[in-house]
Amino acid sequence: MSHSEDGRDVFKLTPDWLSVQEVVDAVGSSSCGAVSVFIGTTREDELGGRKVTGLEYEAYEPMARSEFSKLCADIRQRWPAVANICVHHRLGWVEVGQASVVMAISSPHRHDGQQAVQHCISQLKAKIPIWKKEVYDTQDSSWKENPECSWAAHSKGSQEASDNV
C-alpha cells in the first residue's frame, strides 16, 4: 500500500477494497457545504467475442505520488476554494462491478468541487502512471492503451515520426 498525506490531500494505492465512506470522511470540513465524489468501476465489456472478467492494475508508485501532488496544486490553482482532495486507487485484481478508483473533493459550494472532480479524473488518467490489463473470459489478457495518457501519446507520436523517417 502506498499512502501519502499532506493534511488536505490524501492519495492511496492499495490492493484492498475501496471504501467510499472512508474517502468522503477524509475530505470533510465544517467550512465546506459540498463533497463531490467520483467512483470508477470495472465494467463488463464485450470485445471481439470476449467478455472482460476483471482488470489488473499496476503503478509506478513514487512517480504516482509525485504526480498526485502536482495535480492537487493544479486543482487548487484553478479552483482556490477547494479544501480537501482524496483519491484511493486499487492495484492488483479488480473484478467486474468493483470500484477501481474513488475520489472526493470538498469545497464551500458544489460548482467548484464538481469541476475539480472532473478535472481530477481526467488528469489522473493523463498523468499518473497507473496501468491496466483487461482479463477476458477466454483466459487471455491485454494491456490497455489509455488515449488520455500524456506521455504515451507523446511517445507514440515520437515513434510514428521516427517510423516515417
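Glycine is no exception: its Cβ is also placed from the backbone N, Cα and C atoms.
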Annotated stretch (region 'Disordered', per TrEMBL) among the listed ranges 28-50, 143-165: 143-165
Annotated substrate contacts His109, Arg110, Lys125, Lys132, Lys133, Glu134, maximal Cα-Cα distance (Å, integer): 38
